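Chemist: What TrEMBL records for this protein is below:
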COMPBIAS  80-93  compositional bias 'Low complexity'
DOMAIN    88-205  domain 'DUF305'
REGION    65-95  region 'Disordered'
SIGNAL    1-29  signal peptide
Amino acid sequence: MASYSLRRVGFLGATVLLTGALISAPTQAAGPGNGRTAPFEQSYLKFIIDHHFSALRMTELAAGTDVQRDPQVNNPREGTAPTPSSAATPAKASAEEIKSMARMANRSQREEIAKAQRFLLEWYGVAHVPQVTPAGQRAIQALTYESPGAQFDRAFLANFSNHHYLALGPSQECRVKFDLKHEELKHYCEGIVQTQTRQINDMRAQLCERFNVCDYQPYNPITRR
């Protein structure tokens, strides 16, 4: 099978291509929000970009990253593309179902980062570069130092469901606080709520099935006492 080299200097694969093209384009905002909707939309979009960016490294640790990529995307042993400044890493998860879920989450969140960047640039003339938040860095470090295998599987299911949970509140707010002209943002936020709720419950089910942890509830580590 033909394979090709992945350039690590590329920024989030297709995301950087989109971002670069947008940044080089005129930055006149096409349709900014009005009044209070404008700062809300900008704040939310920057939040979700950075939130998803942290998730990329978490999923890379689970599924592994490849320097050489197989163009056949249905290869169950294929990893993900490493994020900038991150070295290629072997998969730390042992369960194929967990690795598959991590790959799917990685792909979908790369696309959601690119879409949120486009909204910011087209509506507000803002070119936001993703950055790992302090909370994201703590979650990444926890998985980085976790032992591979079943121990990692359990830690990933708990940590990644918590990470997903942190996006639900702001995304739920977005469904009723978006600018009425920006229906595309409403659908974007609804998609995140639906997808991440489903994935959280899938991970809870796996915690129950694999580790007999059947009462797990994701939480916000900032507000939990």
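Placement of Cβ uses the backbone N, Cα and C atoms for every residue, glycine included.
Quick caveat, the model's predicted, so the values are computed rather than measured.
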Chemist: For the compositional bias 'Low complexity' (80-93), give the DSSP counts of helix residues, strand residues and coil residues.
Modeler: 0 helix, 1 strand, 13 coil
Chemist: Which whole number is the mean pLDDT over the domain 'DUF305' (88-205)?
Modeler: 95
